[in-house]
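Beneath this line is the structure, given in structure tokens, with notes to follow.
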Amino acid sequence: MGLLDRLSGLLGLKKKEVHVLCLGLDNSGKTTIINKLKPSNAQSQDIVPTIGFSIEKFKSSSLSFTVFDMSGQGRYRNLWEHYYKEGQAIIFVIDSSDRLRMVVAKEELDTLLNHPDIKHRRIPILFFANKMDLRDAVTSVKVSQLLCLENIKDKPWHICASDAIKGEGLQEGVDWLQDQIQAVKT
Amino acid sequence: MAAASSSDSDSGRAESNEASSKWLDAHYDPMANIHTFSSCLALADLHGDGEYKLVVGDLGPGGQHPRLKVLKGPTVLTESPLPALPAAAATFLMEQHEPRTPALALASGPCVYVYKNLRPYFKFSLPQLPPNPLEQDLWNQAKEDRIDPLTLKEMLEGIREKAEVPLSVQSLRFLQLELSEMEAFVSQHKSRSIKRQTVITTMTTLKKNLADEDAVSCLVLGTENKELLVLDPEAFTILAKMSLPSVPVFLEVSGQFDVEFRLAAACRNGNVYILRRDSKHPKYCIELSAQPVGLVRVHKVLVVGSTQESLHGFTHKGRKLWTVQMPASILTMNLLEQRSRGLQAVMAGLANGEVRIYHDKALLNVIRTPDAVTSLCFGRYGREDNTLIITTRGGGLIIKILKRTAVFVEAGGVVGPPPAQAMKLSVPRKTRLYVDQTLREREAGTAMHRTFQTDLHLLRLRAARAYVRALESSLNPVSVTAREPLKLHAVVQGLGPTFKLTLHLQNTSAARPILGLLVCFLYNEVLYALPRAFFKVPLLVPGLIYPLETFVESLSDKGISDIIKVLVLREGQSAPLLSAHINMPVSEGLAAA
């Protein structure tokens, strides 16, 4: 790191980079959330199902996020584990209106938490209980119950109710994630 | 017994506990109020939005209020009443145009109701059949008031008993009526011409000219008057008509209508008929030993479930491949197809609340449900590919999702022939003698058989003669004379030179005691010495066994043994009642000394 870089880092001009994994079942709204977090001139209008994964970047007040937006389709879910090592935080998106597949989300979350690359790391996990605008959506409290989030003892986690289309609840989640990452760093 | 225990151990292996189960319990509602069969369940993306819905032709509680229900996730999306009980539900693509949303067909009574986008689109009715002329004539007479309802009833009953052409619905309803209601019924219905229509028993889909997943399909109907009909997907005209010897209840099709197809129809007479494209009549027939309860095609194997609690596998030409026994009777069957792994298996819902999944003969998995399963359906539901939908007898709905990581492995190594069968036996080479003998046996088979039979008869005769002689001279240890039914049984104990000889004497008569018997031993006095060679037997009470003991001293030191004869005599008679020959053992004590 050059002198100039260090100087700008101290002054807060250059933001720290963090790698974040964005996981969740297909059609839960991962890409929409990431899209909404990008500056408004970089947002794309129509969101299509992600194939494999895509890398997106956005900035918060003090961090620069590099997000691995993974595809949630069943056949691509086995790709997730290859990126666990690099991730410094996880965003897990849940479709609150899909009551039937809540068990699938729980199953995937349990597999994630029991993976050797994740299990012994104190890695912050942010849950978005997405699609709160839909009529049959369940509350974020109910989602955390259904996913048994209270059993996560060794990692900081936080659940936010969100509506990715309108962008509600996203900033709250990102702020929490930023605080957690900085707390881990210092 | 052995089969039952082995199947139990199989289920123990295939069944997994909660943590390592292959299934996720997505939903269970015991009060979902869904009463249906596997044929009335269908999964399809009805709105073209990627969300697969479940179509249920619901019979209603007690078959009272038939309804068409469409479920999205665990909730009912729409519900509409049906005019008659549903027989089958199917989804199919009607045309090539975009958007490619599948149509829904529901067979009920004599009609197929076709829905597009969940709105009624077309109603196909089966063609009318010619009515019985006698019946027609009777109703014409009733129209002109020439016969009264009672006579009409009697005449119609006569037709129902004898005629080959069955009665129309109108006449059948008339025959059910009470006397008081008949008059009104006749006056109301006499002006209408009678119609005879058959009903649909089963329905399935058949691809028209492409084998693709999203190709246009024809509907195939099975009817109560023993016919199979293939309908055009767009115009709903009858493209082909085939007749069967019995009423079809389950249908399985493969192939394409315009190219080549095979139809398998399980019928009410307990046979499965296989038809091909050009055949108007069945080409092959599988005769089952019991009634079929389900028919599923797995790749090229037809799997038939029968009322004898078993699954049978057949080839497309009707050759039997295997049979698997179930622990309880089969209620329903369906196909499990896991596309991502290319697996096809049969699911069978049993009366004991189990769902068993078989790949050919091998048991893959057992799911236990709280109630007996009446219908099963596996496929894409909502956005999840491998979803299993189960409905139970009590109207419950169970939705299970197959885990992404789950792999079905065949439980136990019972697949294929046992390993011993593959072992090569060291069969000796065919010798000259062997060949000659075989040739001789082939040529003179009859003569050899005759000789054998003669010898056998001679042997039997000789045995019978010896037996008679033994009976006459009372040489046997059981006396069957009417006055003294006795049984004797002797035991020798000890190593020698002194042996203990115990005679067990039993009076086998029902009530009468026996008095005045004597026991006498005959032996070689050089070899043996007995303290008492002749003694009286006490009174023998019926049924009890009397042990009579005596000691035998072996005198010889040369290791020789002899026979001691025991005679049971009656006082004042010289002929013995019973006799027994006791083979004395060699005196070992003396030999050792």
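In case you wondered, yes, glycine gets a Cβ from its N, Cα and C as well.
Not measured: the values here are computed from a predicted model.
Marked as GTP binding site by TrEMBL: A:GLY24, A:LEU25, A:ASP26, A:ASN27, A:SER28, A:GLY29, A:LYS30, A:THR31, A:GLY72, A:ASN130, A:LYS131, A:MET132, A:ASP133. With a cut-off of 8 Å between CB atoms and residues at least 6 apart in sequence, the same chain places A:ASP163, A:ILE165, A:LYS166 near A:ASP133 (GTP binding site), listed in sequence order.
Following the DSSP three-state reduction, the secondary structure of A:THR50 (Mg(2+) binding site) is coil. If you look up TrEMBL, you'll see A:THR31, A:THR50 marked as Mg(2+) binding site.
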| task | Starting from A:THR50 (Mg(2+) binding site), work out which of the binding-site residues listed here (A:GLY24, A:SER28, A:LYS131) have their Cα within 10 Å, and give them in sequence order. | result | none
| request: Quick one: pull the CA-CA distance for A:GLY24 (GTP binding site) versus A:THR31 (Mg(2+) binding site), whole Å only. | output: 10
| note | Per the under 8 Å Cβ criterion, the binding-site residues A:ASP26, A:SER28, A:LYS30, A:THR50, A:LYS131, A:ASP133 that neighbour chain B are A:ASP26
| Between A:THR31 (Mg(2+) binding site) and A:GLY72 (GTP binding site), how far is it from one CA atom to the other, in Å? | 10
| said: Among all protein chains shown, how many Cβ atoms are found within 10 Å of the Cβ of A:ASP26 (GTP binding site), not counting that one? | reply: 20
| According to DSSP, does A:LYS131 (GTP binding site) fall in a helix, a strand, or coil? | coil
| Residue among binding-site residues A:SER28, A:THR31, A:THR50 with least C-beta crowding, 10 angstrom cut-off | A:THR50
